[in-house]
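Accompanying notes for the structure given below.
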Amino acid sequence: MQFSKMHGLGNDFMVVDAVTQNVFFSPDLIRRLADRHLGVGFDQLLVVEPPYDPELDFHYRIFNADGSEVAQCGNGARCFARFVRLKGLTNKRDIRVSTANGRMVLTVTDDDLVRVNMGEPNFEPSAVPFRANKVEKTYIMRAAEQTILCGVVSMGNPHCVIQVDDVDTAAVETLGPVLESHERFPERANIGFMQVVKREHIRLRVYERGAGETQACGSGACAAVAVGIQQGLLAEEVRVELPGGRLDIAWKGPGHPLYMTGPAVHVYDGFIHL
């Protein structure tokens, strides 16, 4: 099986063309491939499949390192767009794809950045899903013998965002896994720790569902900005500083889609016998 290794701000991926190759990934195979000592090593596996709708170009599938399939990965979407152009699967700059729960438009810019229309953030608890009676800007949760104030949103996948004073000292490794599997998140969640530097700039670390802390989480950056705007903390255009680098997020508010712009890097091509 041929594959490519790619990354978006250090969030790394194994990307596989299932348009011209016949491949099948079991959870056990994915876990073995994800092993950084015995396999390829990655945060997520991205699979390019033929479209199910003639109006679309591709179907986009995402698997976490633990073998679970998820519906959204923002950094992966940028790498997906670069991959299909690099491999000659399309020469379009505006690439229309379906995911497990919707559709996306990926735009490759002249400077090789990728702009992703992430759709409109959804704050309805049932959409996340999150156990709550109604939409609130801030929810109170109990975890690890602490009272946590957080925002909750779906970007096509579930996110919980906590504001912290200093992201460098945030309890990502201890609080992240506890909140990820909290009973109020029946499908688990990605946990973002956000430091507001100013209205146009935040620092962010994300403990990803099924992957742990990563160098960058695109949908997590989108979720943090959406929650920050909902809570009146942020402007419509925000620079998000992650451990792996910078993303630019723009959202005009309810009724509008949210846009993420950032890099996607091809590292190498490989071949593995399954």
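All positions are counted from 1 along the displayed chain.
Glycine residues also receive a Cβ, built from the backbone N, Cα and C atoms like all the rest.
Taken from Swiss-Prot as is:
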BINDING   ASN11, GLN44, ASN64, GLY74, ASN75, ASN157, ASN190, GLU208, ARG209, GLY218, SER219  substrate binding site
ACT_SITE  CYS73  active site, proton donor
ACT_SITE  CYS217  active site, proton acceptor
SITE      TYR268  site 'Important for dimerization'
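Here the features listed in Swiss-Prot are painted onto the structure.
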| residue | record | DSSP class |
| --- | --- | --- |
| ASN11 | substrate binding site | strand |
| ASN64 | substrate binding site | strand |
| CYS73 | active site, proton donor | coil |
| ASN190 | substrate binding site | strand |
| ARG209 | substrate binding site | coil |
| CYS217 | active site, proton acceptor | coil |
| TYR268 | site 'Important for dimerization' | strand |
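When the active-site residues CYS73, CYS217 are compared by the number of other C-beta atoms lying within 10 angstroms of their own C-beta, CYS73 comes out lowest. Cβ neighbours within 10 Å of ASN190 (substrate binding site), excluding its own Cβ and spanning all shown chains: 27. Within 8 Å of the Cβ centroid of the substrate site, not counting the listed residues ASN11, GLN44, ASN64, GLY74, ASN75, ASN157, ASN190, GLU208, ARG209, GLY218, SER219, the chain contributes ASP43, ILE62, VAL70, GLN72, CYS73, GLY76, VAL206, ALA211, THR214, CYS217, GLY220.
Considering only the binding-site residues ASN11, ASN64, ASN75, SER219, the Cβ with the fewest other Cβ atoms within 10 Å is that of ASN64. In this structure the alpha carbons, written CA, of ARG209 (substrate binding site) and CYS73 (active site, proton donor) are 11 Å apart. If you draw a 10 Å sphere around the CB of TYR268 (site 'Important for dimerization'), it holds 8 other CB atoms from the protein chains shown. For ASN190 (substrate binding site), the recorded positions whose C-alpha atoms fall inside a 10 Å radius of its own C-alpha are CYS217, out of CYS73, CYS217, TYR268.
It is 6 Å from the Cα atom of ASN75 (substrate binding site) to that of CYS217 (active site, proton acceptor). CYS217 (active site, proton acceptor) has its Cα within 10 Å of the Cα of these recorded positions: ASN11, CYS73, taken from ASN11, ASN64, CYS73, TYR268. Between the farthest pair of Cα atoms in the substrate binding residues (ASN11, GLN44, ASN64, GLY74, ASN75, ASN157, ASN190, GLU208, ARG209, GLY218, SER219), the distance is 17 Å. For CYS73 (active site, proton donor), the spatially nearest entry among the recorded positions ASN11, ASN64, SER219, TYR268 is SER219, judged by CA separation.
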